[in-house]
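Working notes, structure below.
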């Protein structure tokens, strides 16, 4: 039986982080967590990390697609926060961000890690950005690194 598993230590990985400015008081913590995980656990150097700011979560798939098509990155990490409000806007933005990022991953053959919080409240978002529920930015970074290695192992 063959078993393929990825590791997170990936010193030569080239990683792009696409991050939404909207709700940046939360997203800044996601970014800090992602960069810390890339550098401390993944051993990725500053020179191999590119951060691209976009207006909001809805814009993440387009930028992730452009980044993936450059062939300069081994993975893209998408970070953002969508908080439910009193209108259907939440469903549209969260749904399009999720399906768009998934589509980029499927069509580009590079990992696109989903670090977009979709929460019911600001409190839930804060918890997932580094307090009670860990840091989802760091988790997305580790997912990206592991997937880089899984795909490399599959391709041989």
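Any Cβ shown, glycine's included, is placed from N, Cα and C.
Annotated features, as they stand in Swiss-Prot:
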- 22, 57, 58, 59, 81, 82, 83, 114: 5-amino-6-(D-ribitylamino)uracil binding site (BINDING)
- 86, 87, 128: (2S)-2-hydroxy-3-oxobutyl phosphate binding site (BINDING)
- 89: active site, proton donor (ACT_SITE)
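Overlay of Swiss-Prot feature records on the structure.
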| residue | record | Cβ neighbours (10 Å) |
| --- | --- | --- |
| 22 | 5-amino-6-(D-ribitylamino)uracil binding site | 17 |
| 57 | 5-amino-6-(D-ribitylamino)uracil binding site | 28 |
| 58 | 5-amino-6-(D-ribitylamino)uracil binding site | 19 |
| 81 | 5-amino-6-(D-ribitylamino)uracil binding site | 28 |
| 82 | 5-amino-6-(D-ribitylamino)uracil binding site | 26 |
| 83 | 5-amino-6-(D-ribitylamino)uracil binding site | 19 |
| 86 | (2S)-2-hydroxy-3-oxobutyl phosphate binding site | 6 |
| 89 | active site, proton donor | 12 |
| 114 | 5-amino-6-(D-ribitylamino)uracil binding site | 22 |
| 128 | (2S)-2-hydroxy-3-oxobutyl phosphate binding site | 23 |
> Any idea which of the binding-site residues 59, 87 has the thinnest Cβ neighbourhood at 10 Å?
Replying inline: 87
> Once the DSSP letters are reduced so that anything not helix or strand counts as coil, what is residue 58 (5-amino-6-(D-ribitylamino)uracil binding site)?
Replying inline: helix
> Taking Cα atoms as reference points, which of the recorded positions 86, 87, 89, 128 is nearest to residue 58 (5-amino-6-(D-ribitylamino)uracil binding site)?
Replying inline: 89
> In terms of DSSP three-state secondary structure, what is the assignment for the residue listed as 'active site, proton donor'?
Replying inline: helix
> Among the recorded positions listed here (86, 87, 89, 128), which has the Cα closest to the Cα of residue 22 (5-amino-6-(D-ribitylamino)uracil binding site)?
Replying inline: 89
> What Cα-Cα separation, expressed in whole Å, is found between residue 59 (5-amino-6-(D-ribitylamino)uracil binding site) and residue 87 ((2S)-2-hydroxy-3-oxobutyl phosphate binding site)?
Replying inline: 20
